[in-house]
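Only one structure is covered here, and it is reproduced in the block below.
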């Protein structure tokens, strides 16, 4: 049989393994890479369990996280896969967004069923906006009783439904260890799992498809030409002579026109998501714009002062606070390119928050920031990061 030709133009999807410790997340990741490397050797390489388990440390928003990145291809897609071996690493990754997921494989051991961390991971996936979860029911080679497997599957579906995930999501029976050992029956189940990923995880919306948004990093004046702002385009596409709105930090927004777009001292007709661009804005003075504002497509974004966030508070060892904080705590919230002071309201029944905790809080900022659900922020005291969070709900 002729081999399928691999195309480099496949859709790219970010995926990850989640689930309780010792249920086989890392073994499942290793099995996927091995089985796909055996089936499509020209496009994949196999990653051993040890290589994934000894995850290198990464720093994201001042927080150290152990996380492994592997990649692989199916016939339909190219996947980047993250595996955070430790429970604390998983939580930190989800909240800081070191690796965002378009979908997740929830690994549940058939021998145990859903455990406390299984629940916690699914809840967190909901809070941080993972769009889709499907299930790998692992260690099925160790369970002979069909009825027991059905029972565990029902429990997992109930758990997904509780958090508003797809109750009808694929649940694929696997044995990651047997697949790694080369057992053909179980290798085929891993292929079935990947086919389920291809078919059930929706294609992610590309950043370029969203309305234009660029945070302002720097502002300077070019004599005789006007005011130039620089920054990295976060979303969308901007064309020369487009009208834009300048939002956030100040009471009023203002509109202007982009009369020149430059990148690396070259003139461009467009700037798109990911570009570091310099925009010349018509009729604006240097003092009309400041760092921390955003330049955006008019009418698409609104600044807010009150929101709820899911936050990870750094432990002392991670360079965080040495002491707990209480209600009405007033740190700085760093959004995109600037710090804004905010007042923290803790949930009812929570007296204080300890370094190393994961907490939901309500925040009132002293200046408005253009935000939507999912926007990430750091919590800082005197320029030092003490926490990381994500906007879960906008209140005002």
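Any Cβ shown, glycine's included, is placed from N, Cα and C.
From a predicted model like this one, the values you see are computed outputs, not experimental measurements.
Feature annotations, courtesy of Swiss-Prot:
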{"type": "BINDING", "residues": "19-26, 83-87, 138-141", "note": "GTP binding site"}
{"type": "BINDING", "residues": "26", "note": "Mg(2+) binding site"}
{"type": "DOMAIN", "residues": "10-205", "note": "domain 'tr-type G'"}
{"type": "REGION", "residues": "19-26", "note": "region 'G1'"}
{"type": "REGION", "residues": "62-66", "note": "region 'G2'"}
{"type": "REGION", "residues": "83-86", "note": "region 'G3'"}
{"type": "REGION", "residues": "138-141", "note": "region 'G4'"}
Next item on the list: Would you pick out, from the binding-site residues 84, 140, the residue whose Cβ has the largest number of other Cβ atoms within 10 Å?
Entry: 84
Margin query: Would you identify which of the binding-site residues 25, 87 has the most other C-beta atoms lying within 10 angstroms of its C-beta?
Written below: 25
Next item on the list: Using all protein chains in view, find how many other C-beta atoms are within 10 Å of the C-beta of residue 26 (Mg(2+) binding site).
Entry: 23
Checklist line | Among 19, 22, which are binding-site residues, the residue with the most C-beta atoms within 10 angstroms of its C-beta | finding: 19
Next item on the list: Summarise the model's confidence over the domain 'tr-type G' (10-205) as a mean pLDDT value.
Entry: 89
Next item on the list: Taking helix as H, G and I and strand as E and B in DSSP, count the residues of the region 'G4' (138-141) in helix, strand and coil.
Entry: 2 helix, 1 strand, 1 coil
Notebook entry, point to check: Going by DSSP, how much of the region 'G1' (19-26) is helix, how much is strand and how much is coil, in residues?
Noted result: 2 helix, 0 strand, 6 coil
Note to self: Which binding-site residues are spatial neighbours of residue 26 (Mg(2+) binding site) here, meaning Cα within 10 Å, out of 84, 87, 140?
What the structure shows: 84
